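**Q** Handing you this structure, nothing more for now.
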C-alpha cells in the first residue's frame, strides 16, 4: 500500500440514542445512531407481527402450523 494516501483507521465509540455504546473501528472520529441491537425490536424480542385481514391465521390453518 502507498504511504500517506489512506485515511486513519482508528477505534471509535458508536453511541446510540437509547444510551448504549460500543467500540468498533472506522475512519470517522465518532458515530451516532438512532437504533442499535440493544433497542431494535427484532433483537429485543418486542417485534410485533402485523396481520392484514387474517392472512397469518389463514396461512397457519392451511399449512397446519399452530
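Every residue gets a Cβ built from N, Cα and C, even glycine.
Positions annotated as Zn(2+) binding site by Swiss-Prot: 16, 18, 36, 39.
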**Q** If you run the three-state DSSP split on residue 18 (Zn(2+) binding site), which class comes out?
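**A** Its secondary structure by DSSP: coil.
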**Q** If you count, for each of the binding-site residues 16, 18, 36, 39, the other Cβ atoms lying within 10 Å of its Cβ, which residue has the minimum?
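**A** Counting other Cβ atoms within 10 Å of each of the binding-site residues 16, 18, 36, 39 gives the minimum at 18.
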**Q** Excluding 16, 18, 36, 39, which residues of the same chain place their Cβ within 8 Å of the centroid of the Cβ atoms of the recorded Zn(2+) site?
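**A** The answer, listed by sequence position, is 17, 19, 20, 33, 34, 35, 37, 38, 40.
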